[in-house]
Amino acid sequence: MNGSGGRQMQCGKKADDKSLLARFFHADRSLTAVASELDSFDGRAEPDRCTRLVSKLRLNQDKVLAITNLIMEELLGEDRDPRAFRAKFPEEVLQENLAGQLWFGAECLAAGSSIMNREAESKEMRPLAQAVTKSLGNVRVLLRDQCLRNNVPNSKTLQLDLNDSTTEQLYESLKIFDRLFAEFELSYVSAMVQVKSRHEYEMQQWIGVLFSETLQRALKIGLLDQDMVDAFDPGLMFSIPRLAIVAGLVVYAKGPLNMDMPGDQLSEMFRPFRTILIKIRDLLRNLNHEELYQLEKVLCTNEDINAKAPLGSSSIEAPSPEHSSHHPTTSSNNNNNNGDTTGTTNTHRTVERLVDQRNNNNNNNTSSAPALDKAANRSPSMLSLSPNSTPTASPAPSPTPSHSIASTSSSATGSTHPPADWSDGDDEDEEDDDDDIEVEEEELDSTDDETDEEQLLKDIVAADCASGYLIPNTNLGNLLQPQEVPLTDNFVASEDDEYGAGEQQRQRHRDGQEDEPSTSAAMLAASRTLQRLRLPSSDAEPLAEQSTIKTPEQEQDQPHQSVYRHRHSHRHHHRHHHHHHQRHHHHQHQQPPQPHPHRTTRSGRKRCSLDSTESEATQPERDREPSQASGDTSAASSLSDDVSLAMRNTTARLKFKSTENLLHRLFVCIAGVADQLQTNFASDLRQILRSVFLMNMSSAQEEIDIPEKTKESELFEFRASENDVIQESAGSNQSIYSAEEVNPELDNVFSAGSGGGSPGNGNQANASAQRHSAGGSIQRNNTVDDGSPTGGGALLATSRSHVMRSRSLGDQESASTSTSSSQLHQEQQQLQIQVQRQRNNSVGSNTPSSASSTSSSSEQNSPVSARSGSRRRLQSNNETQMPSSATVTTTATATLAPPAWIPDGKAPRCMSCQTPFTAFRRRHHCRNCGGVFCGVCSNASAPLPKYGLTKAVRVCRECYVREVRSGMSVQGVPSVQERLTATAS
């Protein structure tokens, strides 16, 4: 007992012992003292004292665990439990005091406490927490015993007795504690923050690929600029996620944003928004090329939607020239005159107006059956209308009805590429049909033009279109449902549901009762179905024919083909409806129509392969019809499913009364989802965007910006010659110049100063000589006249050379930025003393205070001293003040480069109080020295004119005290005697 107490006293006396065991002994004793004090009083009675002691307890726990970790590194070595799971942790979790937080959490859980809102996880971790605290207590006892047995003062390594049983017991106890502590770390951190799985990491990589592909596509179509990527434009952090949502839903539909996959397979970043993304996808599929481009442009620029901008009429892009060249009807139709094209264009507007008029009449319950029958007799496009039709929206009547019905109907017929078997030998009917519809248009134009234009203007300036884009406190799901449509998770129906819907659809056709909007929905449905035939597989067509997005130049190459396909598909849509309603209204033909057995099974067009379409395009149509009839019959049910889905998507678009309203809602929802990623997944988004920027930078920029910035002393450094060494009052650290200082062509400041100092005869030769000669600028006995222009130039050259030397040598002499800043201050103070000595010993100066009026530093630019000095010069020697004032003005604008900031990763603790940084104790940089400090040690602010910072900025306390003192002594603050002298004069 006495021996043990003696060893404890002996170990306790040597507090300066730096060995691991001694350091552990003192840290453990301090921790025990704090814990005992905490247990000695009621924390509820003295909350302030309790809080202070708890903070001290956690600091001591950090210290004990840090030393224990060093001991385990030396004793266990490779036997330590692996901690590869830390790669899953977010950046903000991996702090230096993580071990102390884990120990504190384990003690709280072992005592019966629970993590807030994590009761289930706390209950599961409680046995493990109890095992951790018990194992750690055993390790502490064994380490204290080893401190008293085998401690070697100031030993760099542990020198334990390997033959002792206690050493082996310590070894096994450390292994058990290391394993338990690693398990508890993974469990505790996983309960507190989201930890990624392997699948999540893979999905995050796919999200990065999607972002990169989106950026490349945006650069290709002109939405973004390469200079923005090279400059790391902050605006891209918002633009790229928004564009990625659009591209992932409609362009790269089979990528990581494939909404058809199960929800648990989506990335955790987009999993909370799955329902709203499905609705966004369905609406995006109804946009044509121009509308999609306009939406993406708005997502990049946040500009208002241009209501008068021409919107495209096709949601399905025109086929490529190679594909369309196989159709003889298309090539022959390209030779038509402009009158035929004009007639087809008029057909568009006629159908749009009739459909829009039908919807408005049905919505107001004022339409009558005779009126509908009359309209049906006039135009085949109205044969599918019936009093039982129930529209889902009431768009305003207009030539382009607020872009809702017009865009829908024209999108269905604009540039749809029909299969080859759609040419039924009825080309001769088309001219008669066009003439009949043109008559209808002429009758409507005379009465509706003025009313339509006024209504269109009202729709454009509607409140919901002109409102701002940022809508706070908005449910994103409700934004996409302007009508009474419930929001459900089962927005996309399954295959069985779609099949059942198709059967009901066909039954309603047979019964003559149609509930869906007939004309516009059916027209769009068939064209949507045909477009899906062209998109899914890359083996059937070239990539250019599959893409849902093409440049406007590609679509403008084939105007006549698009016009023909518009009219041709329009005829077949009408005949399709005529057949189901048993209303065949044929016009007069030049020859009897050919029989069409395949018309009864027109829904089977989906199964026709594209290869056979191209090969059969050159064959006569009559030879092709019988062979396709059987194939059409076998695939009739498949097309009905797609038709029902397309009609449902079209119905969703019809709920918006204008295209501007639809684009506005899409903007709000897409921007809302993308901006939520900035908040909820900031760390993941930063990593993804950083990778995307690095992958898509230009090669020249990559070579310049990726390497770390090199110090000026490393870039411009050479050995000085004998002429460059200062003769008097100079140290060895002032014998090296920078390359910029030696090169006279780069010395713009000096040239301006010498020119300003001598407006009559600027002596450039003397200025250059004084820049490179030490004797002419700094020697003590050299005489410089106040009125001489070379005197001002010499002082300016002296100031500049000292500033540049201090700047280049400050980084070279010390590794710490704060040390270089203090050396810079000392250099400037020595410069002021030398200038004052030079001015006092000069012949032309009669007053010792003249130096205050010709300061060569921006810190001496005091209005009071300059005014008093100029008055004294006028009274003493009546000399001009222009050289001196020019020198002051010139040097006042010459500022230093701000110091380089110490990286956050190299400063785990405050450089003043040595307090470790945490997620709550943030880092702050001093603008004067570049050091990293906590908020308490850097709560001062002061202007730094030497760096060009005239406003107060954050500085540490040491720099603040130094700047205030130097400002009082260097900046020329007048004394009481000087103020009295200036007042008397």
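Note: Cβ is positioned from N, Cα and C throughout, glycine not excepted.
Here is what Swiss-Prot says about this protein:
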type	residues	note
COMPBIAS	423-453	compositional bias 'Acidic residues'
MOD_RES	Ser537	phosphoserine
MOD_RES	Ser538	phosphoserine
COMPBIAS	563-589	compositional bias 'Basic residues'
COMPBIAS	596-607	compositional bias 'Basic residues'
COMPBIAS	776-785	compositional bias 'Polar residues'
MOD_RES	Ser808	phosphoserine
COMPBIAS	875-885	compositional bias 'Polar residues'
BINDING	Cys910, Cys913, Cys934, Cys937	Zn(2+) 1 binding site
Fewest other C-beta atoms within 10 angstroms, as judged across Cys913, Cys934, Cys937, which are the binding-site residues: Cys913
Env. residues of Zn(2+) 1 site, Cβ within 8 Å of mean position of Cys910, Cys913, Cys934, Cys937 Cβ: Arg909, Met911, Ser912, Gln914, Thr915, Phe933, Gly935, Val936, Ser938
DSSP-derived class (H/G/I helix, E/B strand, else coil) of Cys913 (Zn(2+) 1 binding site): coil
C-beta crowding around Cys910 (Zn(2+) 1 binding site), within 10 angstroms: 22
For Cys934 (Zn(2+) 1 binding site), the three-state class that DSSP assigns: coil
